[in-house]
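Going by Swiss-Prot, these are the annotated features:
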- Glu414: active site, nucleophile (ACT_SITE)
- Arg200, Asn247, Glu414, Ser507, Gly508, Arg524, Ala525, Arg526, Tyr542, His543, Lys689, Tyr690: substrate binding site (BINDING)
- His367, Asp377, Asp443: Zn(2+) 1 binding site (BINDING)
- Asn111: N-linked glycosylation site (CARBOHYD)
- Asn143: N-linked glycosylation site (CARBOHYD)
- Asn185: N-linked glycosylation site (CARBOHYD)
- Asn314: N-linked glycosylation site (CARBOHYD)
- Asn449: N-linked glycosylation site (CARBOHYD)
- Asn603: N-linked glycosylation site (CARBOHYD)
- Asn628: N-linked glycosylation site (CARBOHYD)
Amino acid sequence: MAESRGRLYLWMCLAAALASFLMGFMVGWFIKPLKETTTSVRYHQSIRWKLVSEMKAENIKSFLRSFTKLPHLAGTEQNFLLAKKIQTQWKKFGLDSAKLVHYDVLLSYPNETNANYISIVDEHETEIFKTSYLEPPPDGYENVTNIVPPYNAFSAQGMPEGDLVYVNYARTEDFFKLEREMGINCTGKIVIARYGKIFRGNKVKNAMLAGAIGIILYSDPADYFAPEVQPYPKGWNLPGTAAQRGNVLNLNGAGDPLTPGYPAKEYTFRLDVEEGVGIPRIPVHPIGYNDAEILLRYLGGIAPPDKSWKGALNVSYSIGPGFTGSDSFRKVRMHVYNINKITRIYNVVGTIRGSVEPDRYVILGGHRDSWVFGAIDPTSGVAVLQEIARSFGKLMSKGWRPRRTIIFASWDAEEFGLLGSTEWAEENVKILQERSIAYINSDSSIEGNYTLRVDCTPLLYQLVYKLTKEIPSPDDGFESKSLYESWLEKDPSPENKNLPRINKLGSGSDFEAYFQRLGIASGRARYTKNKKTDKYSSYPVYHTIYETFELVEKFYDPTFKKQLSVAQLRGALVYELVDSKIIPFNIQDYAEALKNYAASIYNLSKKHDQQLTDHGVSFDSLFSAVKNFSEAASDFHKRLIQVDLNNPIAVRMMNDQLMLLERAFIDPLGLPGKLFYRHIIFAPSSHNKYAGESFPGIYDAIFDIENKANSRLAWKEVKKHISIAAFTIQAAAGTLKEVL
């Protein structure tokens, strides 16, 4: 009997203990803490402070000096050795892995036995003038070998000969002016255009559409020579002997021209070279403004239509076609012998594995290859990426590990069409679209030294504002102020003077495949020029032999503090995205941006008010979808601030909705004629790859619509793209609703 009572007592104790446990569990489940504790917030902030404090300007300077001693053109031995050097350093920094990943892509190089040049020939076919083959090397670099001469990668081979026509910047509107207002036909002509305003590949495409048989590109002092500044090496201006290199593809996001949509591996089917995507069918060649002045001096024909067609050379900028007076029998001949060949390239991919969510990735990537020394483009970004990786490694050595996985990437062959980054995205597409939270670009960290410039998805606006308020400004006169304060004062948003300007993402760098094709939230930050006063395009010595370490050290960032600020911002962005319990995206900013973009495209359409009425075109569905998205974003935000941060399932569900929102704006069918540009809200402009356009499908349908051959079909296309945009936004709103 005593034994039975003992067993009963034991079972009663166990039952009571179980009941107590269940009661505690239920209380803990239903009475949810809504906020992170003050201690956890302070710890999170302290780690970020340690990260940014670890970064040193002197280290960035040292990396930049080391990486710019030799040229590192994609596909060359020097660039492979630089990849190995970066890989070795990443391992030394303490990254969990650092691997070389190769692809075999189509690249383009000058012919080593036949030099490219432009000539003027007389009636006897005698060449009476030739442009320069090479740029004179800067002091201290006279003995450096393997410097590629100025050329335009992927130009067609050929020796076309004909009359010359000056076409200003070779923009769409420039050719419209020539053809529609001035009656000048470029068919069968060689055209000469100045660099600037738009991507060089768009210039070549426009020239081909106009019927030109070749195009010469040059950097006019009006666009690449700042007033009261000496040419390099005495100043940072462009010497007259320098010529801008660059590819002239029109890939529209395809990656390797021979394997569009698929990674360029050994097993991959390849198109024939003559079938390659976006490869020009006409010769293209760049020259310096000293040589351009000679070609332009002899032009006859019509005077320039207005001052916007005049540069700063001592010539009349007559349009042509052909030369004037006694020189009218002379022609221009191009000599272009570039060779396209399949070449192996190498990315370096490093990782720090996450401790809680290793299957969620934040990518920090930038390209390594350059046309010559590349001290600004890209190596100011390479040096910054290296210092960020070192600083994260330092945190690791002290016991810290991120919540999510960080992927560091040193891309190859960006200058040849964003090839390294695109091929890696294609190879890993199934993983990336399921697991990637964000892509932060680490291309050039400076393109000027006036103020910060940020281009990013609206999801990142608030995070950028927050972090720049906590980073000291490197600008003179702002010693006791934040980066945010100097940025706001120098470059306020045109829509809201109380906020600094943030630009839309276009293309022109390695974020393209991740944002435009895969819908991964992306952003980039660097220092830039004063756009109000500095009217020159880009920085003057862009893509020339004169882009040296000394250029940066003497003129652009002597203290390296501006590059340090960029490193701190890029690094802090990665840290917050990888280690915040809730992904720090703000969906309400996206809703506000959609309102502004919808109003903007509608106002553009109102220039054709009568046609809108005649063809029954309405934007009501678009505005309705934007309204629904705004309401869904507001409801989501209310739920987000109430989520139980101690419930990992609830946190994961909300984070998945945040992560996948950008993906919701992707149309798998792509934009018309641009299969790999799939983002319905943002895309590179069809007329300038560098610029971002909102509602690109609608914008392109409306562009020049008054000159379309079939007005009914043209407006029908507008209706179609309004419908696609409305559906996409409505569907995106659906992804924000509470999970059933």
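Backbone N, Cα and C define each Cβ position, glycine as well.
Across the fold, the C-alpha of His367 (Zn(2+) 1 binding site) and the C-alpha of Tyr542 (substrate binding site) stand 16 Å from each other. With a cut-off of 8 Å between CB atoms and residues at least 6 apart in sequence, the same chain places Glu293 near Asn314 (N-linked glycosylation site), listed in sequence order.
Classification of Gly508 (substrate binding site) by DSSP places it in coil, neither helical nor stranded. The Cα of Asn449 (N-linked glycosylation site) lies closest to that of Ala525, out of the recorded positions Asn111, Ala525, Asn628. Compute the center of the Cβ atoms of His367, Asp377, Asp443, which mark the site for Zn(2+) 1; besides them, the chain residues with Cβ within 8 Å of that center are Gly366, Ser370, Gly374, Pro378, Gly381, Val382, Glu414, Glu415, Ser444, Ser509, Asp510. The recorded positions near Asn143 (N-linked glycosylation site), taking a 10 angstroms Cα-Cα threshold over the set Asn185, Asp377, Glu414, Asp443, amount to none. Annotated pair Asn628 (N-linked glycosylation site) and Asn603 (N-linked glycosylation site), C-alpha to C-alpha distance, rounded: 21 Å. Look at the glycosylation sites Asn111, Asn143, Asn185, Asn603, Asn628 and count other Cβ atoms within 10 Å of each Cβ; Asn143 has the fewest. Lys689 (substrate binding site) has its Cα within 10 Å of the Cα of none of the recorded positions Asp377, Glu414, Asn603.
The closest partner of Tyr542 (substrate binding site) among the recorded positions, by CA position, is Asp377; the full candidate set was Asn185, Asp377, Asn603. Rounded to a whole number, the C-alpha distance linking Asn185 (N-linked glycosylation site) with Gly508 (substrate binding site) is 31 angstrom. If you measure from the Cα atom of Ala525 (substrate binding site) to that of the residue listed as 'active site, nucleophile', you get 18 Å. Listed recorded positions near Gly508 (substrate binding site): Glu414 (candidates Asn111, Asp377, Glu414, Asn603; Cα-Cα distance within 10 Å).
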